[in-house]
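Reading through the structure tokens given below for one structure.
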Protein chains: 2
Amino acid sequence: MNFFSSKFKLGILGGGQLGKMLLYNTRKFDIHTKVLDASNEAPCKIACDEFQLGDLMDFDAVYNFGKQVDVLTFEIENVNTNALEALEKEGVKVYPSSKTLRTIQNKATQKLFYKDHNIPTADFTRFAYTSEIKEAIHNGGLQLPFVWKSAQFGYDGNGVKVVRTIEDLEGLPNVECIAEDMIPFKNELAVIVARNVDGDIKTYPVVEMEFHPEANQVEYVICPARIDDAVAKKAREVALNVSKAFNHVGLLAVEMFQTKNDEILVNEVAPRPHNSGHQTIEASYTSQFEQHLRAILNLPLGQTDSKVGGIMVNLVGAEGHTGNVVYENIAKIMKLEGVTPHIYGKKQTRPFRKMGHVTIVNKDINEARRVAEQVKKTIKVMSK
Amino acid sequence: MNFFSSKFKLGILGGGQLGKMLLYNTRKFDIHTKVLDASNEAPCKIACDEFQLGDLMDFDAVYNFGKQVDVLTFEIENVNTNALEALEKEGVKVYPSSKTLRTIQNKATQKLFYKDHNIPTADFTRFAYTSEIKEAIHNGGLQLPFVWKSAQFGYDGNGVKVVRTIEDLEGLPNVECIAEDMIPFKNELAVIVARNVDGDIKTYPVVEMEFHPEANQVEYVICPARIDDAVAKKAREVALNVSKAFNHVGLLAVEMFQTKNDEILVNEVAPRPHNSGHQTIEASYTSQFEQHLRAILNLPLGQTDSKVGGIMVNLVGAEGHTGNVVYENIAKIMKLEGVTPHIYGKKQTRPFRKMGHVTIVNKDINEARRVAEQVKKTIKVMSK
């Protein structure tokens with residue numbers, strides 16, 4: 001297949017920010033793209049070659065869209081996997097596969113997958129309904145505290161709650177869920193793995209994530225993680241094993257805990273370009289977006305090492321501000337060394353809404369971390 | 001002015017490859033763009049927010065377009081400067097200015113400008129018509145050999161000819177021109193200068209250019225140039241002086257000769273992102289395209305130093321091939337270390353037509369140079 005021909009079409013399910021960053025690279029390679037998204041305001045609407053409106057969870061919308069392309073990928077997990085499977089059967093190349101995505105879409109299934117493949121992960125119990133949890137506690141089958149996670153469609157803090165007392169269960173939706181052991185961890189780490197159709201595989205350096213204590217959103221992503229080489233090596237090995245177990249094609253972002261005893265436990269994965277890889281745009285030889293394309297088009301994978309140290313700061317809406325967004329002090333942060341803002345172009349801000357990210361690069365990662373804190377203190381996402 | 005607001009509009013005259021690479025950065029900063037180009041197939045047609053068809057040399061087309069934007073820039077020199085001047089008088093911010101562009105558009109005027117500002121450049125004589133040259137030679141007013149250059153609209157080898165004998169003058173258009181001393185040079189160098197509205201100014205490292213001996217097109221751009229520090233320092237100083245003389249805003253690519261005696265002579269300039277700066281995308285802290293935006297929007301300039309060494313190889317159509325393009329061995333070069341192809345998406349190739357470029361980065365510039373040669377030997381731009 002010749003991707004650099006006008007007959008070839010790459011389909012992308014989802015027209016959000018990740019898709020937009022993917023499109024910089026399809027354009028660089030002059031690959032014809034077709035995007036499906038439910039919103040006429042989707043960031044990918046400009047920059048793709050063809051845009052189609054449609055619901056990603058709707059079988060017909062996804063199936064009919066997929067029939068028009070040669071390779072199909074997605075920038076968001078919430079897509080109709082039955083349609084993907086039907087397309088695969090009819091010869092459309094879907095990467096990552098419907099099977100990988102189906103396993104990942106359900107957190108209970110994902111956790112069982114780890115158990116089945118001897119991948120280290122926190123212990124857990126699956127429940128068909130949240131209402132069954134109380135009984136399990138009463139019976140002594142489940143100990144407090146634990147982390148409640150809805151099995152379906154959790155994203156960035158939704159669908160996850162720390163349960164310390166029976167009362168904490170109040171108000172949770174009565175859905176399929178898991179109760180997971182709380183892990184006393186030193187660090188949250190992530191490794192992005194790239195695997196192409198031929199099975200060539202590479203890992204990016206381990207990154208370290210610092211979360212905002214209240215919003216449960218990543219505040220800094222630090223590459224490379226400031227951890228021992230032995231721990232980093234172990235984390236990359238675990239990530240490789242996860243990737244091989246899935247037999248996946250494309251990118252797989254593997255989020256992990258480094259426990260107090262320096263064990264590595266897999267938390268969850270995302271089969272796409274990921275928040276923990278945004279700094280690769282400026283810091284790595286190959287950005288995660290270019291790498292995803294290389295992988296799904298079965299091109300040789302690019303180098304995953306870093307030119308310089310990189311830190312990613314999420315730009316989220318300030319508390320107390322809802323309405324038309326204004327970025328205060330953006331020129332000030334652009335004066336600092338190695339700073340690149342990425343503005344997602346959402347018109348409305350609200351507290352903790354993800355509005356963009358800022359990358360800080362430096363040969364010295366500690367200096368980058370210092371600048372990152374200054375960035376965080378200086379720029380404000382306000383409403384006007 | 002708030003560039004990060006939906007009311008602000010940036011106008012770009014010209015919708016070609018340089019504009020396309022500029023648009024990666026307007027999108028990164030979420031800046032609303034409007035592009036004017038004469039072709040419905042212009043690469044910028046997708047990715048800009050608004051596209052308008054129109055002739056860049058037509059007063060009304062440029063003027064009416066310019067009235068709709070806040071800041072106006074161009075990615076090509078061949079635009080109607082009278083329209084730019086009229087827009088400036090009515091308060092549209094035009095960067096670089098009509099005055100700078102007018103001086104640059106005419107090579108005789110440009111050369112006179114250097115003389116007037118004590119900027120070192122090869123000696124030359126201006127002629128109103130090529131037909132006057134023969135007489136000047138006969139009178140002893142002009143010595144052979146020399147370089148004939150048409151004053152208007154020379155580009156990439158058109159409008160330039162080495163004249164060694166009277167016969168070499170045959171077939172040249174009878175237009176305004178200059179006859180320039182042939183400079184025995186060691187190297188052709190270039191320095192990109194960025195200057196924002198406030199007058200903050202920065203230079204990129206000196207790059208070294210290797211030309212294809214027949215096609216008179218740049219074959220490799222090497223950053224940093226493999227020259228003495230003293231020569232590099234002098235080249236950056238000369239480039240700064242050129243920029244200050246023009247009082248320009250935006251990017252100014254200054255092409256220079258390093259003579260046998262290590263003098264620096266200015267050859268010509270381009271007031272826009274330039275072929276000699278493409279490697280900045282992968283190699284520099286700030287790409288030339290982001291820098292151009294920072295400059296014309298009066299934002300702080302970004303760092304101009306390099307993360308790694310970078311080499312740019314032009315991808316031109318192979319001899320003997322005209323027709324629908326096919327890129328042979330593109331996957332092979334993507335296997336090499338630090339290689340990024342940029343495919344411009346032109347459907348038709350012909351000998352020496354510029355179809356794209358490839359960047360090679362490496363911490364060791366000599367290793368990058370080795371890979372660059374391999375890239376050059378491996379990839380072929382053929383017709384099918």
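Placed from the backbone N, Cα and C atoms, the Cβ positions cover glycine too.
Just so you know, TrEMBL annotations are computer predictions that nobody has curated.
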Identity of the ATP-site residue among B:Lys89, B:Lys93, B:Lys99, B:Lys107 (reference: B:Lys149, B:Glu180, B:Asp181, B:Met182, B:Ile183, B:Glu188, B:Asn267, B:Glu268, source: TrEMBL): B:Lys107
Does DSSP put B:Met182 (ATP binding site) in a helix, in a strand, or in coil? coil
Can you check which residues sit near B:Met182 (ATP binding site), meaning Cβ under 8 Å from its Cβ, same chain, 6 or more apart in sequence, and list them in order? B:Pro145, B:Phe146, B:Val147, B:Val162
In the chain carrying B:Glu268 (ATP binding site), residues 6 or more apart in sequence that have Cβ under 8 angstroms from it: B:Ile104, B:Lys107, B:Gln110, B:Glu255
State, in Å as a whole number, the widest CA to CA span among the ATP-binding residues B:Lys107, B:Lys149, B:Glu180, B:Asp181, B:Met182, B:Ile183, B:Glu188, B:Asn267, B:Glu268 given in the record. 18
Quick one: mean pLDDT on the domain 'ATP-grasp' (B:111-297)? 93
Within 10 A of the CB of B:Glu180 (ATP binding site), the number of other CB atoms across every chain shown is 20
